Each structure stands twice: as C-alpha cells, then as structure tokens.
C-alpha cells in the first residue's frame with residue numbers, strides 16, 4: 001500500500017521534520033544577524049571566506065563580531081583567547097541541563113557539544129523538549145548552524161554591492177553588546193557589577209590601549225570571585 | 001591586511017576555547033553540580049562582560065567630533081528603542097540605521 005509510507009514515515013525522518021519546525025523561530029532571529037555579520041566582513045577588508053569559516057568553525061555569534069574587529073586590528077592571539085574564554089564562559093553552565101545523555105555515540109556527542117549555542121540550549125532544555133530524540137536534537141543544531149553559515153555567506157556577497165558612501169554599519173556591534181548588556185541587567189538589576197566592569201574597561205583602556213580586554217575581562221572575573229569569597233565568609237561567620 | 005596564517009590561528013584559538021567551554025563541563029559534571037561558584041559567576045558575569053565589550057567597541061570614537069555626536073545619538077536611539085520595544089533585532093537595526101544615516105550624510109566629520 002503506497003499511502004502507508006506517507007501516513008507513517010520512519011521515525012528518523014519524522015524527527016528531522018520536527019527539527020525543521022522547531023528551528024524556524026531561531027532561524028528568523030539568526031538570519032538577519034548572520035546577514036549583518038557577513039556585510040561587516042565585506043567592509044572589513046578581510047577575504048570573503050572569513051565570513052563563512054568564522055560562522056562554521058567558531059559558531060558563536062557575539063564572539064564572532066568581536067573576533068572580526070580584533071583580527072582586523074591584528075590583536076595578539078592571547079587577547080583573542082582571553083576574550084573567547086570570558087565571552088563564552090556562560091556555556092559552562094549549559095552542561096547542567098543540556099540533554100547530552102540522549103545524544104548517543106561519540107561523533108554525535110562531539111558535534112552536539114561543538115554546536116551547543118545559546119539558541120540550541122534554549123530550545124532543547126524547555127519542558128516540551130524532554131522527550132526529543134537524538135535525531136531531533138542534533139538535526140536542530142545542524143539546521144541552526146546551516147542558517148548561520150548560509151546567512152553570513154550571503155551577507156558577505158551582498159555586502160560587496162553596498163556603495164562606498166554608506167558608512168557606519170559597524171555600529172551594529174556596539175548596539176549588539178549594548179542590548180545584550182541591558183537584557184543581562186534586567187535579569188539581576190545589580191548596580192555595582194556593571195559599574196565595576198566599566199571601571200575595569202576604563203583602566204584597561206588607559207593602561208593597555210587597544211589591548212584593553214586583556215586587562216578588563218580578567219579584572220572583572222577577579223572582582224566577582226573576590227566578592228563571592230567575601231560573601232561566603234560572611235555566611236560562615 | 002592580516003595574513004592567512006594569522007587569520008587561521010585566530011579562528012582555531014577562538015573555536016578551540018569556545019568548544020572547550022561547551023564540551024569540558026560534561027566531563028566534570030558532578031563536581032560542577034556541587035559548585036556554588038560556577039552558578040554565581042554564570043549569573044553575575046554577563047552584564048559586566050557586556051558592559052566591557054560595549055566600551056571596547058567605542059574605544060576609538062572621538063567624542064569631540066561630529067562622528068562622535070552621531071555615535072552618541074545612535075547609542076541613545078538603541079537604548080530608547082530597547083527600553084520601549086524590548087526587541088533585540090529592532091534595537092540593533094534602529095540604532096544602526098540612525099548611525100549610518102548620520103555619518104553618511106550630515107555628521108561626516
């Protein structure tokens with residue numbers, strides 16, 4: 001009976017269809033940012049392939065905007081390493097609830113951790129996602145990566161057609177961190193934290209110039225750990 | 001322009017550090033679950049990191065020039081839009097459009 005195949009598709013394929021459906025919301029948010037990233041690469045003077053390789057290999061949205069600026073300015077690799085560590089430190093926390101135990105097999109586990117972005121984490125840890133199969137989880141991650149790589153590549157190609165008189169598109173990077181900061185502030189409404197961070201940034205700027213992140217980010221981490229230690233001591237006293 | 005070996009080095013380092021942060025915690029998951037420091041840092045770090053990165057992206061803006069004024073107006077637009085609409089894409093797009101229009105037309109200095 002030929003109709004039976006359509007009525008009951010093999011589970012693997014059905015799961016991929018579900019992954020495609022799950023990915024649409026994230027895709028709508030990912031594609032404009034990927035296009036913007038590609039356009040900025042096209043204006044940076046770097047070769048076009050930087051957009052595609054960065055999207056595919058680094059695959060960490062906000063960090064890629066920063067690394068783009070850093071490599072354009074020939075930043076030392078140590079600064080790139082420290083910045084990557086601090087910007088993506090939040091991912092350490094994702095292991096506590098990401099369903100990696102349902103992603104069987106070493107290659108799938110390696111890929112699934114490699115592509116464990118904020119978006120993948122948000123989608124796979126919700127209440128609806130508690131029964132998702134390996135195919136649905138990994139398929140979703142692959143789709144998000146495909147959207148990101150494709151939109152960055154389209155952006156870098158399209159960006160080369162923007163007239164030279166159009167300037168100041170790189171403001172998008174400032175705006176990105178500004179709104180991410182405002183969203184992070186809304187969660188905790190902690191006043192001293194951002195003020196200390198601003199002080200770290202200004203000291204870093206004066207003492208290290210363009211390499212300010214090498215000082216500012218570790219100084220912030222040191223402050224937070226000291227604050228934690230003082231608080232813990234307070235509890236035990 | 002940066003040479004290809006440097007670019008590839010930057011790519012491998014940022015990808016390597018990112019993957020380490022995404023994969024390694026699964027190997028030490030039980031000490032991680034007992035840790036109180038890690039959730040504390042994960043909760044308190046982002047706002048400070050974003051503050052530092054925002055300042056970093058404006059490190060070479062000359063605030064006494066016309067372009068500096070355009071920058072300030074674009075920052076205010078972004079903040080205003082974000083307080084009003086709470087939509088990341090709208091805020092970034094709106095702020096960037098204001099900035100591009102200003103520095104490409106009236107505030108070119």
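Backbone N, Cα and C atoms are what each Cβ position is placed from, and that goes for glycine too.
The following features are taken from TrEMBL:
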- B:6-25: transmembrane segment (TRANSMEM)
- B:37-57: transmembrane segment (TRANSMEM)
- B:63-81: transmembrane segment (TRANSMEM)
- B:88-107: transmembrane segment (TRANSMEM)
_For the transmembrane segment (B:37-57), distant same-chain residues with Cβ under 8 A (at least six beyond the ends)_ = none
*By Cβ distance under 8 Å, which residues at least 6 away from the ends of the transmembrane segment (B:63-81) in the same chain are close to it?*
87, 90-92, 94-96, 98-99, 102-103, 106-109
*Chain residues outside the transmembrane segment (B:6-25) and at least six past its termini with a C-beta under 8 angstroms from it*: 32
